[in-house]
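Engineer: Next up is a structure, given as structure tokens.
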Amino acid sequence: MYFNIATNNLKKSFKDYAIYFITLTLAVSIFYNFNSMNSQTVMQEMDIDILIQSISYISIFISVVFGGLVIYANNALVKKRKKEFGIYATLGMSKRKVSKILTYETFIVGIISLGTGLLLGVILSQGISVIIGKLFEFNMDEYKFILSTDAIIKTIIYFGTMFILVMVFNIVVVSKHKLIDLINASKKSEEIKTRNSVISVIIFILSIAILSRAYYLGWKFASNPKSINFPLSIIFGGAGTLLFFFGLAGFTLFILKKNKQIYLKKLNIFVIKQFSNKINTNFISMGIICLMLFVTIVMSSSSLSVKAQLEEELGKLPPFDANIEFNIRSDNQEVKDIEEALKKVDFKLRQPSEYAVVDIYSTNIKVSDFLNEYANERLKERLKKYVGELRTIGVSQYNAMRKLKGDSIIELKENEVLLLTKDKDEKQALNNLINNKKEIIINENKYSLKIDKHLKDIEYNLIAIVPDFAVENMTKSYSTMHINSLNEVNKQELEEDVKELRQKFANIDYNYDELLNKYGFIIRAETKTQMYNETKNAIGTSLYIGMYLGFVFLIASAAVLAIQQLTEASDSSSRYKTLKKIGVSDNMINKTIFTQILIHFMAPLMLAISHSIMALIIVGKLSRNVGLAFLFKLGPTILITGIIVIGVYGSYLYAAYTGYKNIIKNS
């Protein structure tokens, strides 16, 4: 009997449960999608252990977010139906039996949303697999439909636990309320909260000043996160956002009252009062939603742009099949030759193969002293943190390395030094240097400065190519061996040999002293294939985590806003009855409802967009792209993010409008 009552309740209250059901379905779908990635065919081409581990940890946080969201949505539904539960009690039904009906309802909704969400998740995961395959240029010939049983089990466990908690919560809510409170619940409307207009205006203006300061500090000190000013920008941003919504209602009311044509037009007084009341009541949640939307926009946009930048880096990978770096820690180091060091660790080059050794030497010239006078502001900031010396390479070794690459060699006279860099800011500084200073003294020898503006594919950031005799009395800093295989078999063997060498020096950062004591030196090695795979994995990780968190925060934000509106609909039904009694048409009431909901949804989104624009400009600055030009460069990714936000956000806005309208109509 109780199960039938629960089923009938759901049928007649389907529209009330719409947002709850949509939220649960989307939550299940997203959770399955991102936890099934390791099973997808196209992901087999990636080494995704780190990504899977990251997703596992993030999923715990996400489950807490969704759990809170589900309880919040459920609480709104229970609050709306308190009178109904009171009627059950007056008909002689015990609280235990009322709780039983509510438990059945939760169970039915949970099963349906879990099933629908998993079905949607399975379908979407196949589409995401195709998109990921296209994004990462994976081989799609072996693509096949995959159903991840591990992800299904994990989703059922996580969301099953959530539904059990919701059932317990419902039992507690029903059991702790008195019958009189349940019966009169619908008569208790939310208290209208107003604030002193002058104080609200002052706080609103103060919030704008604080946010402006946050933007400035973020722009000025983002490149130096250790500075106290950078965390201050984050603190100011959060505080300014909360104060913005604290003062928004009073400020809006104050301004619109000055313009009688707008304030007194149609039902604007009613709309403004409703909006003002809701903002005053929920300014904290509005601020948090704004920050969540900000995270959504920035993470989604920047994760796609990070993918583009990392793919650009793929094209800049060294053209050699393998690179081995040998560090010289001090003058007391016994082995100072890279080939001798490789022999000591039993690394031998298989034939046929070609290689070139490049020795890097230190000078007594500090880079900051050398370039600071001719640097732009951005480079000057970097030079403040860089205390290194100008490094040099003998011209013969540099030319041997360029020959191995297939590039042209350089010509250098005995009294010349060629300055090279692949950094744009450093190139500009070097040009300024050459125009003002024609010579440089290295180890008490005077050389003419030279820049080859036509030289392409430069391998280093700020290096001096010197005559061979110039390095004879210099201190060797480190050496690099560049290796190229001459056939595919040799390349595979090189991969294995370098892998074995890497294992000997595994976890260098953690075991540095231990390895140094064991061998007397440190070697780092990598292959082009390994670097390619690591970059691909970095792309996948940034894209997946950005999309995952972005989707979750977007759904959570939109769902909370929609639920707030439906809760307000129940609280405000008596006010709309009054409008109806004084002759306001249904059409005008519906327009009023839509305007009110639209403002409620757009207020946090507009401020979030403002935050996001500034954040993306700062990201552009950090990646050495300037201002708004970077935003235009991100155009496609911002467009994709915008379509997703509008789609999800718009769906919840429409669902909230439909639900609100039905509640007012039925009241």
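Placement of Cβ uses the backbone N, Cα and C atoms for every residue, glycine included.
What TrEMBL lists as coiled coil is 484-518. Residues or ranges marked as domain 'ABC3 transporter permease C-terminal' in TrEMBL: 58-172. Per TrEMBL, transmembrane segment is recorded for 17-34, 54-73, 102-132, 152-175, 196-216, 228-256, 283-304, 543-563, 597-618, 638-657.
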Engineer: Thinking of Cβ pairs under 8 Å, which stretch from 54-73, 152-175, 228-256, 638-657 has the most of them with the transmembrane segment (597-618)?
Structural biologist: 638-657
Engineer: How about the transmembrane segment (102-132) and the transmembrane segment (152-175): at least 3 CB pairs under 8 Å, pairs 6 or more apart in sequence, or not?
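Structural biologist: Contact criterion met.
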Engineer: Please determine whether the transmembrane segment (54-73) and the transmembrane segment (196-216) are in contact (criterion: at least three Cβ-Cβ distances under 8 Å, sequence separation 6 or more).
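Structural biologist: Checked: the transmembrane segment (54-73) vs the transmembrane segment (196-216), no contact.
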Engineer: With a Cβ cut-off under 8 Å, give me the same-chain residues at least six positions beyond the ends of the transmembrane segment (228-256) that come close to it.
Structural biologist: 194-208, 210-211, 213-218, 220-222, 262-263, 268, 272, 275-277, 279-280, 283-284, 286-287, 290-291, 603-604, 607, 611
Engineer: Do any residues, 6 or more residues outside the transmembrane segment (17-34), come within under 8 Å Cβ-to-Cβ of it, and if so which ones?
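Structural biologist: Apart from its flanks, the transmembrane segment (17-34) reaches 10, 55, 59, 62-63, 66, 69-70, 73-74, 77, 109-110, 112-114, 116-118, 120-122, 124-125, 128, 148, 151-152, 155, 158-159, 544, 547-548, 551-552, 555, 559, 562-563, 566, 648, 651-652, 655-656, 658-659.
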Engineer: Within the same chain, where does the coiled coil (484-518) have neighbours whose Cβ lies under 8 angstroms from its own Cβ atoms, ignoring anything closer than 6 residues to its ends? I mean 6 or more beyond.
Structural biologist: 320-322, 324, 329, 345, 347-348, 350-355, 404, 524-527, 529-530
Engineer: When secondary structure is assigned with DSSP, how many helix, strand and coil residues does the domain 'ABC3 transporter permease C-terminal' (58-172) contain?
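Structural biologist: Its residues fall into 98 helix, 0 strand, 17 coil.
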Engineer: Summarise the model's confidence over the coiled coil (484-518) as a mean pLDDT value.
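Structural biologist: Its mean pLDDT is 82.
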